[in-house]
C-alpha cells in the first residue's frame, strides 16, 4: 500500500532538507564573516592602528551616545572658527604686513571662497570614503597650514594659506551627516542640533576670542591658539571617532559631483530647503552686519566692546539648540519649519518696530532670532537627510552651499539698504525674506511623496510618533499580504503534487488494489443477478443490504 511507504519517504526528505539547510547556513555564516573582515579596518592610512573598540563591527554597530555627540559639537566649534579668526584682526594685519586696508580686506574673502570650494569638492567625499580617515587627514593638514599663518611675514603667503585653510574647514559638514547616520531615528534631530549648535557657537566665539587675544597679546597668538585647539580635535578624533564603512564603494568622484548637480534640480524637498535656507541665512547675515551700525550710531552710540558683547546674547540662543532638537524629534519636520518661520517673523517684527528705540527690543530680537533660526535649519536638515541615507553628504553639501550664498546676499544687499535707506528699511527687507520662506514652505505639504512638487497629499498629521505607528502598520500589512501570497502559492503547489500523485496511482495501481477492484465488480454482478431472481417485495431489502455492503467495502 502507498500509505505504508510514504512515511519513510517523508522522513528521508526531511533529513535531506535539514542537511541542506545546515550547509546553506554554514555558507551564509562564512560569507558574513568574509564580508565582516572586508568591512573591518584595523589601520588608518594603512599604518596608523585604529583602537579596537572603534573598529567597525557589523554585528555590533558603534554606539552614538551623548558624550560622542558633544565631542562632535566641540570639534565643529573649533574647526569652523578658522573662518572667522581673521575678521577682528584686519587692522593689526595691515600694520604687520605694511599694506592698506583694501589689500588686507581680501583675506576674509579668500577664506570664505576657500570654504565654498571645500563644500563642493571635499565634503561630498563623505559618501565615498571612510569618514574617520577623511576627517583625520583634513584636520591634520589644516593644523599644519595654520602653523604657516602664525609665522609668515608675507601677505601673499598669508592669503594663499588662508584660502587653503578655508578649503579644509569642512569637518563640521562631514560630522553632521555622520551624526545623522549613527544616531537612532527617534533622536536624529537632537543629534544634528548638538553638532549644529557647536558650529554656530564657533562662528560667534571665534570673533570674541580673536579680538580679546589680539588686544592683550598679539595677532600671531590667535593662530597659535588655533593650532592648539585643532591639534586637540585631531587627538580627540583619533581616540573617539568610530570607524564607519564607505556607503557607496561603487561611486566615483565625478559621479558624486554629477549627482550633486542632479539633486539640486530634481529633488523637491532639497530645492524647497535650499530656497528657505538661502533666505534665512540672508536674514541672519543682514541682522548681524547692520546691528553693528545700529548700535554704534544714535541713539545708542555704543563702543566696539559693548557691541561685541551682543554676541553673548546670540550664544545664549545657540545654547538652547539641543532642547529645540528634542522638540523637533517629536514633530514632523515640516511643522517644526513652520513654527520656526512664524516665530522668526514675530521677533523680526519686534526688531523692525522697536530696534531703534529700545535696546531691550534688540536683546529680545537677538535671542529669539538665534533660537528659531537654529530650529528652522535643524528641521530642514532632518527633512533633507530623509531623501536618501546613502547620499547625505552630497545633500548636505548642496544645502550648506545655499546657506553660504544666502550669507553673501544678506551681507551685500543688507548693507546697501542700510546705508541708503536706514535700519528700519533693512529690517523690513528681512521681513520680506521671511515672508518668502513662508510662501515656499506652504506650497508643499508635510507628507508629500518624494517627487511631488506641490500639494498636500498624505494628510496633515503633525506628530512624528503617530506617523511612525502608521508606517509600522503599513509595513505589517504588507508583510501579512506577502505571507498570505506565499502560503497560497505553497498550498497550490501541494495540491498540484497531490493530484499528480493520485493520477499516477490511478494509472498504475498495485496488485492488492487490482484484487479489491475485481472483488467489488464481482459483488456488484452478484447483487444484480440476485435482484433479477427475487421478486419485487424482496428487491427493496436486497437493495438496502447491497448498498450497506458496498458502503462498507
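Positions of Cβ are set from backbone N, Cα and C atoms, glycine also.
In TrEMBL, annotation is done automatically, which means it is predicted and not curated.
So that you can see what the record holds, here are the features copied from TrEMBL:
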COMPBIAS  467-482  compositional bias 'Basic and acidic residues'
COMPBIAS  491-507  compositional bias 'Basic and acidic residues'
COMPBIAS  511-530  compositional bias 'Polar residues'
COMPBIAS  531-542  compositional bias 'Basic and acidic residues'
DOMAIN    66-449  domain 'Major facilitator superfamily (MFS) profile'
REGION    467-553  region 'Disordered'
TRANSMEM  64-85  transmembrane segment
TRANSMEM  134-155  transmembrane segment
TRANSMEM  161-180  transmembrane segment
TRANSMEM  192-216  transmembrane segment
TRANSMEM  222-241  transmembrane segment
TRANSMEM  269-296  transmembrane segment
TRANSMEM  302-324  transmembrane segment
TRANSMEM  331-350  transmembrane segment
TRANSMEM  356-376  transmembrane segment
TRANSMEM  397-419  transmembrane segment
TRANSMEM  425-443  transmembrane segment
Which of 269-296, 331-350, 397-419 contacts the transmembrane segment (302-324) most, counting Cβ pairs under 8 Å: 269-296
Closest-packing stretch to the transmembrane segment (134-155), where packing means Cβ pairs under 8 Å, from 64-85, 192-216, 222-241, 331-350: 222-241
Same-chain residues near the transmembrane segment (222-241), Cβ under 8 Å, at least 6 residues beyond its ends: 48, 51, 54, 68, 71, 74-75, 78-79, 81-82, 85, 89, 131-132, 135-136, 139-140, 142-143, 146-147, 149-150, 171, 209-210, 213-214
Top partner of the transmembrane segment (331-350) among 161-180, 397-419, 425-443 - counted as Cβ pairs under 8 Å: 425-443
Recorded stretch, among 161-180, 192-216, 425-443, maximising Cβ pairs under 8 Å relative to the transmembrane segment (269-296): 425-443
Local confidence of the prediction over the domain 'Major facilitator superfamily (MFS) profile' (66-449), expressed as mean pLDDT: 88
Chain residues in Cβ proximity to the transmembrane segment (397-419) (below 8 Å; excluding those fewer than six residues from its ends, i.e. six or more beyond): 112, 115-116, 119-120, 123-124, 173, 260, 263-264, 270, 273-275, 277-287, 289-290, 293, 377, 380-381, 384, 425-426, 429-430
Residues of the parent chain within Cβ reach of the transmembrane segment (161-180), under 8 Å, 6 or more residues beyond its termini: 64, 69, 72, 75-76, 79-80, 82-83, 86, 107, 110-115, 117-119, 121-123, 125-126, 131, 134-135, 138-139, 141-142, 145-146, 148-149, 152, 188, 191-192, 194-196, 198-199, 233, 244, 381-382, 385, 392-393, 395-397, 400
Residues of the compositional bias 'Basic and acidic residues' (467-482) by DSSP state, where helix covers H, G and I: 16 helix, 0 strand, 0 coil
